[in-house]
């Protein structure tokens, strides 16, 4: 099958940033053609994407698909539907399922479900420790053979530094990166939002920046000691950005991600105890928000992920202290991130680096739009203005703090290996 994407501005960092036509054949990028060039062979289906942006498929390094065990929140099928609608051609599900993804059997189950869904690619992340208990290391070798790509105890920190050292040593021997949920529970325990004047005024126990940054510094130090690759998840505060910047300057193999809510909102979004603005780490101060943007600008922050964390209404419609941490993000991440481009804080090329190229590098993938590579593509309508409406989500859950916000830009089409897995109704 031959498909010609006609009229788009292609943004592929380090490769192309201009108007070209893209030809897809048998699931692969076949050729880049000048606008107006004749079809190189007969039987080509043309998709007119004039005025649109065409980029390598977006990749989300941090999602919670909830299956197995919590299918009332999300399933692999519905999570991948949300990913496709959000422009993501690949996602990395975290291991905090039930049972935990701490063995090859669960890894294979996730991959089998993903294959049956036939949507975005799935690269499972396995647990650092059995049962996420922070004690006994999981069997990384067997999980890697089954298809696991990295390890983390996300949702919980590995509190014991010796266990984390052993994990990094073991992972390094297998060529696996270690993703860190950086949280000092002795500082964060019982907290529900950012520690600051606003939390004091509304009477909510706070979580200080130090609860995150202390553990970020520890992980960087252990990675330096063990020569491991460490990836800091969901960076939210200025001190963490500074620590990662200094670690990179020392040559430590540290990468990191943030999420759109950390450069879009502050702790003021909690407002009148809005549990949809409760996540971990929490929304921080304006100074932290600006520090995260600076980290994206100067390359300290490598990736934008979602930390897509679905919850049922019953888990959010309770007192703020008792509500579950987490928000969904697969269907809103791109449109919120495009605001950075619209406000001239990032170039479109840099945004694609954060949401596609750098996540691909983390996974050891080459997702450039060059002949012979898989045709994993996201087409974006940069001008469509709309209001975020959770009732239109295809995710099972609706827990977002962005309901009612007007945004500019929307995914028009998502393609994986030459198959259109999502196309916006016009």
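Note: Cβ is positioned from N, Cα and C throughout, glycine not excepted.
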Residue among 307, 321, 343 sharing the Zn(2+) 1 site, where Swiss-Prot lists 62, 64, 154 as binders: 307
Which of 227, 234 belongs with 154, 181 in the Zn(2+) 2 site listed by Swiss-Prot: 234
Integer Å distance between the CA atoms belonging to residue 181 (Zn(2+) 2 binding site) and residue 154 (Zn(2+) 1 binding site): 5
Other CB atoms within 10 A, centred on residue 62 (Zn(2+) 1 binding site): 27
DSSP three-state assignment for residue 311 (substrate binding site): coil
In the chain carrying residue 325 (substrate binding site), residues 6 or more apart in sequence that have Cβ under 8 angstroms from it: 278, 279, 280, 309
Nearest of the recorded positions (64, 65, 307) to residue 181 (Zn(2+) 2 binding site) - Cα to Cα: 307
Structural state of residue 62 (Zn(2+) 1 binding site), classified by DSSP into three states: strand
